[in-house]
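Below: one structure, written as structure tokens.
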Amino acid sequence: MTARNLFLLPGDGIGPEAMGEVRKIIAYMNEAMDAGFVTDEGLVGGCAYDAHGAAISEADMQKALAADAVLFGAVGGPKWDSVPYEVRPEAGLLRLRKDLQLFANLRPAICYPALASASSLKPELVEGLDILIIRELTGGVYFGEPKEIIDLGNGQKRGIDTQVYDTYEIERIAGVAFEMARTRQNRVCSMEKRNVMKSGVLWNQVVTETHKAKYSDVQLEHMLADAGGMQLVRQPKQFDVIVTDNLFGDMLSDVAAMLTGSLGMLPSASLGAPDGKTGKRKALYEPVHGSAPDIAGKGIANPIAMIASFAMCLRYSFNMVKEADDLEKAIANVLDKGIRTGDIMADGCRQVGTVEMGEAILAEFKALSA
């Protein structure tokens, strides 16, 4: 069997605790399923800065580049608030995204039936919610040049950011969206601001042309991004796959995340382009939540987002679709049984810590995969 190489970067805060529960699942899969996972581990974020003076070392960067997939925990915390900007903990994640050329960020917003009452919206609006937001990750206003603050004199300054998209960047992210839609409900909604932004005009044109040329079997809708934000909280279940640029994707995916009730529940994936020879994509998987330094080391963090990120890894990097389905079903089954970490605790449920939640999910996964 060909080895499946995983590089683990637990990071800071609750990252190591959540990653610990994924390690148990990997060990079980190797033992019971002969899955062939080979794991290595490195430092990223604040802990890497403490050890190496950088948010990720060159050696660990090379290991990430060589791996089939990277599992990432979380970075940051008040301890590193005063470090130089270029070596801040978050710079490690940005370096990974850049060097791995990860242009497509996949953010599922799934509301488990057992948690519908935890959403800020009415349960009937979110129960059964299953949206996939696909955000372009390497272009747009976050990376466009010029990006600077100019001193105009007389006490006045000017901040400049530049929104830039080329045709190929839009084509490839649209292609990912249409391909993902084919495995779901076959619907894509593209969001931009073509009414006020030239980049939005081009985005709309290129998505439309890509759809017509290669993906006419998929239903395509266009929506202005501000209207899309409104519709996400008005009638979220109307959406299947949403594709949008870096800035709007950053905002809309966080809006969608809170429809589900807890950031501690949500995974994400960042994918690169398929390799010309093997067809494999570089990929990084991470929970949406941050490092939560206030609860780090207390054993109470919710590991579900990290475990669900590993399920995405099984699906998209290793084509282990049944195993991914089983792991996601295991999470749902545990929630149906009323087992909760503190962040999603509700009346009548049983509160557990990180390890007990992880072990409950593993037990369900074992039963489903037996």
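Every residue gets a Cβ built from N, Cα and C, even glycine.
Now, the feature entries from Swiss-Prot:
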type: BINDING; residues: 77-90, 290-302; note: NAD(+) binding site
type: BINDING; residues: Arg97, Arg107, Arg135, Asp226; note: substrate binding site
type: BINDING; residues: Asp226, Asp250, Asp254; note: Mg(2+) binding site
type: SITE; residues: Tyr142; note: site 'Important for catalysis'
type: SITE; residues: Lys193; note: site 'Important for catalysis'
Non-site residues, in chain order, whose CB comes within 8 A of the mean position of the CB atoms of Asp226, Asp250, Asp254 at Mg(2+):
Ala225, Gly229, Leu247, Phe248, Gly249, Met251, Leu252, Ser253, Val255
CB within-chain contacts under 8 A for Ala296 (NAD(+) binding site), separation at least 6:
Asp12, Gly13, Ile14, Glu17, Gly77
Determine, from DSSP, whether Tyr85 (NAD(+) binding site) sits in helix, strand or coil.
helix
At the Cα level, what's the spacing in Å between Pro89 (NAD(+) binding site) and Asp250 (Mg(2+) binding site), rounded?
19
Using a 10 Å cut-off on CB atoms, tell me which of the binding-site residues Gly77, Pro89 is the least crowded.
Gly77
Arg107 (substrate binding site): which of the recorded positions Tyr85, Tyr142, Lys193, Asp254, Ala292 is the nearest Cα neighbour?
Asp254
Listed binding-site residues Tyr85, Arg97, Arg135, Asp226, Asp254, Ile300, filtered to Cα within 10 Å of Lys193 (site 'Important for catalysis'):
Asp226
Return only the integer: C-alpha distance in Å from Asp81 (NAD(+) binding site) to Asp254 (Mg(2+) binding site).
23
